[in-house]
Amino acid sequence: ENPTTEEKPPPTWYDILLRQASVYGVAAGYCISGSLLSIINKWAVMKFPYPGALTALQYFTSALGVLICGRLNLIEHDKLKLLTLWRFLPAAAMFYLSLFTNSELLLHANVDTFIVFRSAVPIFVATGESLFLHRPWPTLKTWFSLAVILGGSVLYVLTDYHFTLTAYSWAAAYLVSMSIDFVYIKHVVMTIGLNTWGLVLYNNLEALLLFPVELIVMGELKKMEHEFSEDSDWHSFSVVLPVGLSCLFGLAISFFGFSCRRAISATGFTVLGTVNKLLTILINLVIWDKHSSSVGTLGLLVCMFGGILYQQS
């Protein structure tokens, strides 16, 4: 008699609870690292005003951290393969653009402006998911919550006394690159077959390889050569500390970010990023005087309320 293949037993209540705890755990990790990273990146870019170099250092730290931990058998990551590197290149390029425009926006605008444009991303991602990833169109309740987020964003922009063309140009570039990045990377995560640490390694390593192109295009290399040749304090503790923290939190958000992308939809992931900015707003109000007016802050809170109303379609 031929042995038959045994069917897997249905998941127990413990398995379901463990899976739910895992999802909430990575979501909490993403919220904490994401909330603090915005503040730390603003601090770092004020002390080290080279957005391209700062993002490259974050990529380098993340890629090196994964390789070292893999060598020490602390984590498991996929091996580097040329074909996979080629397939992942468009996603890495979009990731690079989104993080670079993020740093430029923080350099030219206050944290509040960054949060508002970050809050508007889910509206575009929801449409992109339905059009390109064949997910159901959001329900009316979902559209309402996204509209509330947009309304809060508009209220903030209308009362922004720090409005500059440069800042809002980078804000628009950030909005476009982030929207494409979230939808496309969700597609890559679902189809390329890499584990979480493999995604972190490929993403950061390939983004790092794009850094020389950005140095030449944006002219940052000449600026760095000129300023480093003078008496600069870029190697002092007051500069090294925020830059080092931004690299450490960059690695944390890479891991938690990819873990969340696996667990929830692209739109849900972007809204999660929006809601976690509540902590960022509170810290920003306490430590800096360059923030929005009371009406602008109300617009920010409306954005957060829209995020809370959101439910996955």
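Glycine is no exception: its Cβ is also placed from the backbone N, Cα and C atoms.
Sequence annotations record features per position, and here TrEMBL assigns domain 'Sugar phosphate transporter' to 35-310. According to TrEMBL, the transmembrane segment annotation covers 21-40, 52-70, 82-101, 113-133, 140-159, 165-185, 197-217, 237-257, 269-288, 294-310.
Each of 52-70, 82-101, 113-133 was scored by its Cβ pairs under 8 Å to the transmembrane segment (237-257), and the highest score goes to 52-70.
For the transmembrane segment (197-217), same-chain residues at least 6 beyond its ends with a Cβ under 8 Å from one of its own Cβ atoms are 52-53, 55-56, 58-60, 62-63, 66-67, 69-70, 75-78, 80, 84-85, 88-89, 91-93, 95-96, 99-100, 189, 251, 254-255, 258. Here the transmembrane segment (113-133) does not touch the transmembrane segment (52-70). Their Cβ atoms form fewer than 3 pairs under 8 Å, with each pair 6 or more residues apart.
Where the transmembrane segment (52-70) meets the stretches 82-101, 140-159, 165-185, the count of C-beta pairs under 8 angstroms peaks at 82-101.
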